[in-house]
Amino acid sequence: MRKMIIAGNWKMNKTPKEALALIEELKPLVKNDEVDVVFCPPYVSLMLAVEAAKDSNIEIGAQNMYFEEGGAFTGEIAPNMLKELGVKYVILGHSERREYFGETNEIVNKKVLKAIEHDLTPIICCGETLEQREQGITVDLVRTQIKVALKDVSAEDAKDTVIAYEPIWAIGTGVTATSEQAEEVCAAIRQVIGEIYSGDVADAIRIQYGGSVNAGNAKELFAMENIDGGLVGGASLKADFGKVVNYK
Ligand SMILES: O=C[C@H](O)COP(=O)(O)O
């Protein structure tokens, strides 16, 4: 039985003071032993967030990291920096990173390997544009994104990674994929994991859905067989996130 995992991606929102206030507000609302709860604030709030979440069920994740150990990479953050802070998860290959910062599948793969090396759990994002969906290439595209992202990742390590399926047309638009659309692609992702590794790995890996998840649609989406939680943007910035985590 896979444990549900629901993560809030705060994106470029909240100053450190605001982040602290939001964590304090949400702490009592996101209690749920059946769910791994992850908050991913901006880098500058990570240290405060780890401290503030200490006496709670909340784990902290970063929204990105670089694939080098250190050196002349102005503006980047290395995995050991995150690790030392007590960060447990890192979102990699989010569609906004791919679109605005030129991240390719190959770059995502390098980051995934580096995160695993440093014992950070990657949340690997994949998903199609509306145009790609209309062209009927969603499953092919997502299969490629996953195959490349997991290249050279061992079966043991793959079991602990998290995949987030996020159709780009559903991100921040208020248009959610139907539970059937989301389930179809999440099932295809589980199938490709099975082809790369084995049924065991496919059964173990957790696959989230992301894209306009909110308190009103979480229950239906999370009830689907191959959806093991969500990667939540807008709704993770308000009290509603408590309802998403306690979706039942
Ligand atoms: O990482 C989160 C996703 O991009 C979803 O964002 P959203 O819930 O605001 O649509």
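Every residue, even glycine, has its Cβ placed from backbone N, Cα and C.
A 10 Å cutoff on Cβ-Cβ distances gives HIS94 (active site, electrophile) a total of 28 other Cβ atoms nearby, all chains included. Taken from TrEMBL, the feature active site, electrophile covers HIS94.
Its Cβ taken as reference, GLU166 (active site, proton acceptor) is surrounded by 29 other Cβ atoms within 10 Å in the chains shown. The active site, proton acceptor annotation in TrEMBL covers GLU166.
According to TrEMBL, the substrate binding site annotation covers ASN9, TRP10, LYS11, GLY172, SER212, GLY233, GLY234. Non-local neighbourhood of GLY234 (substrate binding site): GLY172, SER212, ASN214, each in the same chain, at least six residues away, with C-beta under 8 Å from its C-beta.
Excluding the listed site residues ASN9, TRP10, LYS11, GLY172, SER212, GLY233, GLY234, the same chain places ILE171, VAL232, ALA235, SER236, LEU237 with Cβ atoms within 8 Å of the centre of the substrate site Cβ atoms. When the binding-site residues ASN9, TRP10, LYS11, GLY172, SER212 are checked against ligand 1, ASN9, GLY172, SER212 have a Cβ within less than 6 Å of one of its atoms.
The secondary structure of SER212 (substrate binding site), as reduced to three states from DSSP, is coil rather than helix or strand. Of all the binding-site residues listed (ASN9, SER212), ASN9 sits in the most crowded Cβ setting, with the most other Cβ atoms within 10 Å.
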